[in-house]
């Protein structure tokens, strides 16, 4: 049963001063055989033919090679290197050539091959450049630790733990214990080292004290080594901090945990380290190597090895180079083979050592003894017997374990249960096997179980690493997939947003276009309304007269001149009339009359027009009568021009008048037609004419009314013949919309400049003839009228009831007196209009056929 005792520092010091130390449980007392090898000084031996240097000779990580096969190396040259803190390099023990690098049998109970570098010495023993630290106390501690690490020093007491790790703990150190106990019954290497090199061991202790800064340093030596005790006391007498403590000879007092318990009575916790109880322990051989490394710059390339046993003629201690084959050491000690039934070489002591499988095994840093016993000295192990549960092993166990339980679980491969019984607390001292009456090799079972557990742990670590890598890879793949999905999602969103933006842009453009169209339409409507409301505007007068004439011709009832229906009806009338006029213009060419070039004519567009509201104020009968009178007047005018032999000129005048009106866009409110011209010529009268002229004025008006009635009738006939053509024209039908009706009607009537010029000339001729005809009736009144009818006249008063009655009478007279020649001319004109309509239909059919193809 483990006891956990933690005495204070002062209590420990007091008991040590009184030489009243503690004891550890268990232990055995084997026969001592130290006298075989400790009687002679440590010897130097010859170089072997080959040196086998394992790359890993310590607990930790194997280093990486710095040399290759065929390289020449110097003594003390590093052969490996590693950045891992749990790794120390190995060095060339002598100068020579690297002949091979490969696996070689190891210094281990399993004899498994390990990576080994083979050097063939050149017997020159050339040293590499050494770098000692003479004034180490002025150097940073890290520099001293690096020097110890670079020297390749690891624990030389048997564990092989890297020394620079133990020399740099993270906890405070109360005690440094230098282990010189050497409890194995045959081993004397530490004994001879302390006797011969106590001062250098003291130097190594000084370096450790500098690094660890302990409160006390104890040098523990078993009391069966009086010479070593005395030598160390002499070496340490100048320092009060150092104290040499002889301890009782008992196996295994040299164990780390057991020695700590003997001196401090503190137990290292399970799976813990000595630093956990404020103690650091180093072997005397390690202190010697530290002194060599710091003060001489020498790496660890040799150590003291005890060659003993009754099977050798000269048991002794030698300085053996690391990598020296065991066979070479046996030759130096004069091994006697016949003293053994079979070659039996034990590396280590009889209690903790192991039998070597070959004498080609090299010396390593933890090799301290080679034992060659005779058959009588150490009997051959007998056959294993069943355990009798005597508990002798439990009594002898210094770790207070239950060896029999560990044995059963280890043998049954119940490794988990073996660990439950603290298998790894076993120090493999062999005390249990030493006392076992059944000759059971208990330590062997424990070692195998530990090895299997380590293999399982390594495999578990590998599997854990593989699992972590797999999980990491899976997580990485998931992250990458998520990143790709996110990227694709963002790209899709970007494309969608781009499409939406593109659609929005298109919609915005459409909306902007519609807004512009609406704004333009509103502006046109507003302009048309403003133009209609301005009586002084010439364009407004023309449009109003056109609307009134169309209304009178069709017999529609107009309630307001400025209403929407009036404007629509006027636009439809203008479109139909202009299309018929265009058909006539295509067949009849205008005739230029040179006899009237010198006469001054007032253009129709410049003549003032009667206000729309005044016309709208008239009754329906009055407007019909006026329209009839104008039509008759126009018809009489045409008949007269026919009699004068100017039939073609009259027709050209009619078509030219239409051409002149069509060349002006309706959208600008400046278009005129024949009906409006007739209305203006008939209805416009200056004020002085009404007041200054009597019967003459009435007579002149009647003539003009008759001419206007005749013109209106002719236009009505043209419109009736062109209804089929206008029904097929999409643009004319679209002109029903009030804001754009006039503009679309005019757009179909555009002419080239030559045709426009001819049309204007014909219109001028027609107007001149009409004016001449009016003058023949009343020259004086005509002159006054021409003088007073100017563009500045803002408006003309509506005709009186008497005037309207005269118009009706004149209209009736005109109908009775209509000559037959005028009817013939009208029939001929209808024929031409029909021909033009047929041409238009044929052209449209050809266009539709080409569009279908």
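Cβ coordinates are placed from backbone N, Cα and C, and glycine is handled just like the others.
Positions annotated as domain '4Fe-4S ferredoxin-type' by TrEMBL: 377-407, 417-446. Here TrEMBL flags 387, 390, 393, 436 as [4Fe-4S] cluster 1 binding site. As annotated by TrEMBL, compositional bias 'Basic and acidic residues' applies to 478-496, 590-599. Positions annotated as compositional bias 'Low complexity' by TrEMBL: 509-529, 541-551, 569-589, 650-659, 810-823. Under the heading compositional bias 'Polar residues', TrEMBL lists 668-694, 719-738.
The most crowded of the binding-site residues listed here (393, 436) is 393, judged by how many other CB atoms sit within 10 Å of its own CB. A simple Cβ count within 10 Å picks out one of the binding-site residues 387, 390 as the most packed, and that one is 387. Highlighted in sequence order, 388, 389, 391, 392, 403, 404, 432, 435, 437, 438, 440, 442 have their Cβ within 8 Å of the centre of the Cβ atoms of 387, 390, 393, 436, the residues recorded for [4Fe-4S] cluster 1, and are not part of that set. Secondary structure at residue 393 ([4Fe-4S] cluster 1 binding site), as computed by DSSP, is helix. Taken residue by residue, the domain '4Fe-4S ferredoxin-type' (417-446) breaks down under DSSP into 17 helix, 0 strand, 13 coil. On the 0 to 100 pLDDT scale, the domain '4Fe-4S ferredoxin-type' (417-446) averages 92 in this prediction.
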